[in-house]
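Please read the structure below before turning to the comments.
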Amino acid sequence: MSKLKQGTFITFEGGEGIGKSTQCQMLYEYLKSQNIPVILTREVGGTNVAEKMREILVHTDLLPMSELLQAMAARYDHMVKKIIPALQAGNIVICDRFIDSTACYQGLELENGIELVYNLHKDLMPPLMPDLTFFIDVESSIAIERVNSRNMSNKFDVRGLDFYNKIYDCFKGLSKKFPERIVTIKASDLNPEQVHELIKKHLNLI
């Protein structure tokens, strides 16, 4: 029996160049093909306002606290205008990044920043956390090679291997901190179709 029910909130997490967005799209297309109500969205972004904030965040050098607050403001708009209404209407919501990315990308830049991110979410955001998070685990050396081979880039893409390792270690740590929510998919040696099948298997869709 599928683990999915109406109003399930699924997020995909990990660093740059790991195929996370591809897996979001593949799961979205599969659920649509099964006539399951589903929407696909992303962070930072997902609404007109949040997408404008995204452009600032990914292409502008901001102070660490400014960057964190920008991400949180975009999330509030996204949650209130899109995610929560979709869940209340019975949709599965697939989100490409959510709070764990904020913890790793913005929280690491601040003293006790990871704890601060989750506390701010608890205190300021609507009371919602993902039901399930897939961490796409790809080694940093592979991820940075993939990023270097593509034309699109933002300020996070072009940082060096040390940055990629730091982000990778952060997500690994979060997967151990929240094992009841975060499922690790080891994907370094797998193609996108194989990763997709593992995700479907975990959701009891096959």
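Cβ coordinates come from backbone N, Cα and C, glycine included.
According to Swiss-Prot, the feature ATP binding site maps to Gly14, Gly15, Glu16, Gly17, Ile18, Gly19, Lys20, Ser21. Listed in sequence order, the residues of the same chain lying 6 or more apart from Gly19 (ATP binding site) and placing their CB within less than 8 Å of its CB are Ile136, Val138, Arg146, Ala187, Pro192, Val195.
Counting only same-chain residues six or more apart in sequence, the Cβ atoms lying under 8 angstroms from the Cβ of Lys20 (ATP binding site) belong to Phe12, Glu13, Gly14, Asp96, Arg97, Ile136. Same-chain residues at least 6 positions away in sequence with a Cβ under 8 Å from that of Ser21 (ATP binding site) are, in sequence order, Phe12, Arg42, Asp96.
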